[in-house]
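What TrEMBL says about this one:
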{"type": "DOMAIN", "residues": "444-555", "note": "domain 'TMC'"}
{"type": "TRANSMEM", "residues": "163-183", "note": "transmembrane segment"}
{"type": "TRANSMEM", "residues": "241-259", "note": "transmembrane segment"}
{"type": "TRANSMEM", "residues": "334-356", "note": "transmembrane segment"}
{"type": "TRANSMEM", "residues": "368-391", "note": "transmembrane segment"}
{"type": "TRANSMEM", "residues": "412-433", "note": "transmembrane segment"}
{"type": "TRANSMEM", "residues": "515-536", "note": "transmembrane segment"}
{"type": "TRANSMEM", "residues": "557-581", "note": "transmembrane segment"}
{"type": "TRANSMEM", "residues": "624-646", "note": "transmembrane segment"}
Amino acid sequence: MEEHNSVNFMRLLSEESTLSALSSDSCEYYQTEIFDQLPSIQASRPEQDRQGLWEACEAHQGGPESGERISHGHLSRGPKDKAFTQPLRSLVMCLQGKRDARYRRKMQISNIDFWESWRRSQSINRKRVWAQMGGALSDLLPWQHTLHTIEGRFGVGVKAYFVFLRYLVYLNLLHCALVWAFILGPTTFYGRSNSSEPLKFGGKDSVLDFFHGSGYLDRSPLFFGFYTRGSLNLLCLNTPLLYLAGMLIILFLSLILVVRRTTVGFKHTWMLGKRYSMYVSYKIFCGWDFTIQDPAAASLKHCFIRNDLKLFLEEESFSVREALRTLGERVRLYLLRFVLNLIVLSLLGGAFYLIYFATITAQKESGHYWLVSLVLQYLPPITITFVNLLLPHMFRKISSFEDYSFTMQVNATLVRSIFLKLASLGIYLFFIFTTEHRQYPFHCRENRFGREMYKLCIFNFLATFCNVFLLNYPRKLLQEKYPSSLLARLLGKQRFLIPFKVLDLVYSQTVSWVGVYYCPLLPLIGAVTLMATFYIQKFTVLRCCVAEQRMFRGSSSSVLFHFMLLLGLLMAATTLGFNLYQLEATPDQNMSSCGPFGNGETVFNVTGVCVNSLPRPAQTTLRYLASEAFALPLILAEILILTSYVSRGRANQKAIERLKDMLVMSSSDKRFLVKQHATMLRRGRKPHRVCSAAIEEDAPPQTLEAPPALQAY
């Protein structure tokens, strides 16, 4: 009977066993054993890390050196871990994970000194304050409520257009500040030359001068010829050098800002590209837009995701179909594409000839009526706008016959439209450069060139205004009042074509960059017209358009838009460099007769006089930087920088591949744990046996005399 009176202590009550320290230690040992059996640990964890974990487990049991082990072990690496100083709500983890992180932080704080604890708390508070300040400043941005409204009704794609428009407004306002600091401010404070005429409105001036850019505006601060040498006439501090420095800073700062936005967008597109085979999972699990407030917009968002997945499947099936093409089918397809590309080139050639004809016609002297004269003056801008409005839609129709995928069709249309807009502007500038000095050899050619850029900017805004209020809005009224009419059914519903709208913005900004040297106040005109364009397009979206049925992929197309903006900036810099080189190469034919570089001066003469007035070491340094000998070190430095970036890119790619392997091993761990849990359930669904089994393996079996209250059982 004594065998029945002695029972095992661990088989008394499961509740007491789970609360006892001995049982928790045994469970700790069992969890560690399970952790060591995971496939990911067995595949990738080094032996010393496993030994460090056993030391941490021993320190957790107690002992005089437990606090020291924790402070020097894995938990003491908090100062080196950036995640420790981040607020808990910024961490990407579940709620239980954040609770565990908060518990670990408390353990770390209890084992560090006062100074380290204070430094960490101050770092967390400082980041929290900066985050709150950033949120408050973002709420103070202009048109923020309007952007939220547009995003809630039409999604992120349409909002991206208005964000891009607001960015261009900021950029033009920054240009205005630079123009005031370097050009307009010194001219206002120090005055102009004594031979300059006073600025008065009278005589032959009229209201039409504000459309032609002549007369009163030709003598105003709007154009290049107004800024002459004044009382500020030092060797290295004068009006010509300040004018040149202001223009170079505008172009260089614009280059930095545009390149930064282009690289950030390209990095985002590269990370979310199809090369990592995560498009479908990303679209399913992360594709919902939580800013949508309208139920109709929510249903449209469902339609967007469904259509986007259909588009992805269509592209995959197109890739399979493309791989199965025979040689004869490929030859016929290439012949068809060759013929269609010839048609595209013919359309571009006809457009360029039309621009040339309009330029020649507008430069002829005529004594027509004032309205006819105004139309002739604006004939090149009208022609360029008409070409840029008509041909992109024709390119879209042509690309549908080339048997490309849908994404390739959109990209082909955009590339052709980009080439059309930039090439039409470049052809127009070339015709102006080659014909102006022949017909007007004694006029201020910079003013005439700035006048053409001014007319392009003004007419581009007028075309946008007339397109909305004379075409789109009457079309919407017709569809609302007579929806069943034949004309309303033929016209169909209006949709906000984001790529073509962004192309118009890039074209207007390119015109502003090209003309800022000849028309310094053109950024101010551009900022005002862009603000007005924002409200006009807002009216178009909210009143005249319906949501697009196919999702606009702004993440990949935004890179193309900013790259196109970069091409426009490079075109502006090339135009300025060509003009300055032409002035230096042929000074007798292209000598400037007005502005800061008048009276036989050029950019190179003024800068040369300034360099000669500097000390000898500064002259030697500047001449070395401008010589060909500096090109070799510069090229070597660029090679080193590019090599470092390529090495970092390869290292990041290896890290990404390693993280992908970790995801695979994580799924293996989950399957292993599910299998272990199922095994435990099959063994009897009694968890306390696991802890008792672990104790029995570690400690010798002991039998204790059961209390009298338990012997009755």
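We number each residue from 1, going along the chain as drawn.
Glycine is no exception: its Cβ is also placed from the backbone N, Cα and C atoms.
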Across the domain 'TMC' (444-555), DSSP yields 86 helix, 2 strand, 24 coil
Any contact between the transmembrane segment (334-356) and the transmembrane segment (241-259)? By contact I mean 3+ C-beta pairs closer than 8 Å, pairs at least 6 apart along the chain. no
Cβ under 8 Å, sequence separation of at least 6 from the ends of the transmembrane segment (163-183): give me the contacting residues as numbers and ranges. 141-143, 147, 227, 242-243, 245-246, 249-250, 253-254, 257, 261, 502, 505, 509, 512, 516, 520-521, 523-524, 526-527, 530-531, 533-534, 537, 558, 561
Please indicate, using numbers and ranges, the residues of the same chain that are 6 or more beyond the transmembrane segment (412-433) and have a C-beta under 8 Å from a C-beta there. 344, 348, 351-352, 355-356, 359-360, 380, 384, 387-388, 391-392, 395-396, 399, 402, 404, 448-449, 452, 456, 499-500, 503, 506-507, 510-511, 514, 557, 560, 564, 567-568, 571, 575, 578-579, 582
